[in-house]
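What TrEMBL says about this one:
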type     : residues                                                         : note
DOMAIN   : 184-486                                                          : domain 'Phosphofructokinase'
BINDING  : G191, R255, G256, G280, N281, G282, T283                         : ATP binding site
BINDING  : N281                                                             : Mg(2+) binding site
SITE     : G282                                                             : site 'Important for substrate specificity'
BINDING  : T309, I310, D311, M354, G355, R356, E410, Y462, M463, I464, R465 : substrate binding site
ACT_SITE : D311                                                             : active site, proton acceptor
Amino acid sequence: METLSPPIITSTVSIPCSNSSVLVRSHGLSSLILRKPRSPAANPSLISSRSSFTRASAVEHGKTSVSIDLSDPNWKRKYEREFEERFSIPHITDVFPDAEAIRSTFCLKMRSPTEDFVGGYPSDEEWHGYINNNDRVLLKVISYSSPTSAGAECIDSDCSWVEQWIHRAGPREKIYFRPEQVKAAIITCGGLCPGLNDVIRHIVITLEIYGVKNIVGIPFGYKGFSDKDLTEMPLSRKVVQNIHLSGGSLLGVSRGGPSVSEIVDSMEERGINMLFVLGGNGTHAGANAIHDECRKRKMKVAVVGVPKTIDNDILHMDKTFGFDTAVEEAQRAINSAYIEAHSAYHGIGIVKLMGRNSGFIAMQASLASGQVDICLIPEVPFNIHGPNGVLKHLKYLIETKGSAVICVAEGAGQNLLEKTNAKDASGNTILGDFGVHIQQETKKYFKEVSMPVDVKYIDPTYMIRAVRANASDGILCTVLGQNAVHGAFAGYSGITVGIINTHYAYLPIPEVIAYPKSVDPNSRMWHRCLTSTGQPDFI
């Protein structure tokens, strides 16, 4: 479904001439560049949207560029106001200003729903379990004192502290949908990921606590909206009670699908007024397009996303569900590679893990295992051959240790492979298999230097993503599912829910799909990984 692939939000920021220098931290590079002010005659600097500086600058969903005049004594307050506007979340009342707000039917003081939903769940005393609409979560919690601090993200040369607040997730005291009038639908898109069933389960359970009785699952992602052979799956607590005990998705997954217009047409026909979308960047782009189309048609519909990417590459969030499980499962593959390598004469174990654009799984798995000698990720360039190449260091490891383990992310080293224009159904470029490539190059190199090696290659991708969620992800999925429902009933739409600085928050979808989150090579976590592996620069 090409129309639902994630847009690249290009946001250039004009920096007027001033006496202040402007710090730019380039996305994906370890270098820090301190840009000096130009002369008054020069044109303002234009900075790529992929820099941390630009992402911090106030841009209204990529539609307008905003000038930040650092010589203005009030620039910080202006920036904070612009940030607040960017991260404001759409609400039903934006389109329906007269929408009626009723007392919430979600109250844990009394768990048995009544037939009459107008009064909600009666309670003899006030319940203090609601979130105030003005509650906020701080997006950034580190105040950097210097642009040269590891992982520093600065707006000005003094690294001034700027507050960035986003909406806290949770149940509200007033809701904008009557449970008896709700038809809620759930879809899961993209590839499999540990925790999908956990999220489905708790969306259904929470909907039922609100009093919703009409809950359906749309089979096989967006495709289920158009394929006449695919019928809705009625969902209830009884149906989903034990689905979290197995991996995969009860509803099935697929990539691609019909156009946005066809999807919204189908929603109108089915009477769906709450849609919960579980997926990654492309799926969220689709959810946002559906939200926009529903607004355009003046439909009172809440569209809420739950970020699903095993790669952990969604912006702003601490982590996405399935990631912890993937790192834990990757330990088995790495340990197997280590045992194979350690037990062989001149053994080399190569493990390829997931990570199209981001090397979080490879980095964290390498750090956790303590058995990896070389970790290769997409964000850090490297050479295979040459005096500073991977193979030269591998030869050193064999000579000194007698064995070695290499962990590679699937998106690493793509510049070293033959380019392909092939795309999958989601519009993603089909990557070359770098794991196989480095396996072949390793065998070829050691044959040329007349050193016998025993190379074992392990690709556990499908084994990892098909398992059930571990305890950590199970908790994350539970809370994400609950908060997705709370957000929908509170009248929010075009939002996604995530964990940020250990707290759960709502964000507008455009802000999390601008581009994939990636490992910062100047971050402390990558430095920790390098300390653990002991690998040098391969350039």
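All positions are counted from 1 along the displayed chain.
Cβ coordinates come from backbone N, Cα and C, glycine included.
For R465 (substrate binding site), applying a Cβ distance below 8 Å and a minimum sequence separation of six or more within one chain yields G191, L192, C193, P194, G247, I310, G322, A326, M354. Local packing around the Cβ, expressed as the count of other Cβ atoms within 10 angstroms, is greatest for T283 among the binding-site residues N281, T283, T309. Here the binding-site residues are D311, E410, and the one ringed by the most other CB atoms within 10 angstroms is D311. The two recorded residues, D311 (substrate binding site) and G282 (ATP binding site), show a Cα separation of 14 Å. With a cut-off of 8 Å between CB atoms and residues at least 6 apart in sequence, the same chain places D311, D313, I361, A362, I377, P378, A409, E410, G411, A412 near G355 (substrate binding site), listed in sequence order. Other C-beta atoms found within 10 angstroms of the C-beta of G191 (ATP binding site) number 21, with every protein chain shown included. The binding-site residues in question are G256, G280, G282, and the one with the fewest Cβ neighbours inside 10 Å is G256. Fewest other C-beta atoms within 10 Å: among the binding-site residues R255, M463, that description fits M463. When the binding-site residues R255, G282, T283 are compared by Cα distance to M463 (substrate binding site), the shortest distance belongs to R255. If you take the Cα of R255 (ATP binding site) and the Cα of T309 (substrate binding site), they are about 14 angstrom apart, rounded to a whole number. Between G282 (ATP binding site) and T309 (substrate binding site), the C-alpha separation comes to 10 Å.
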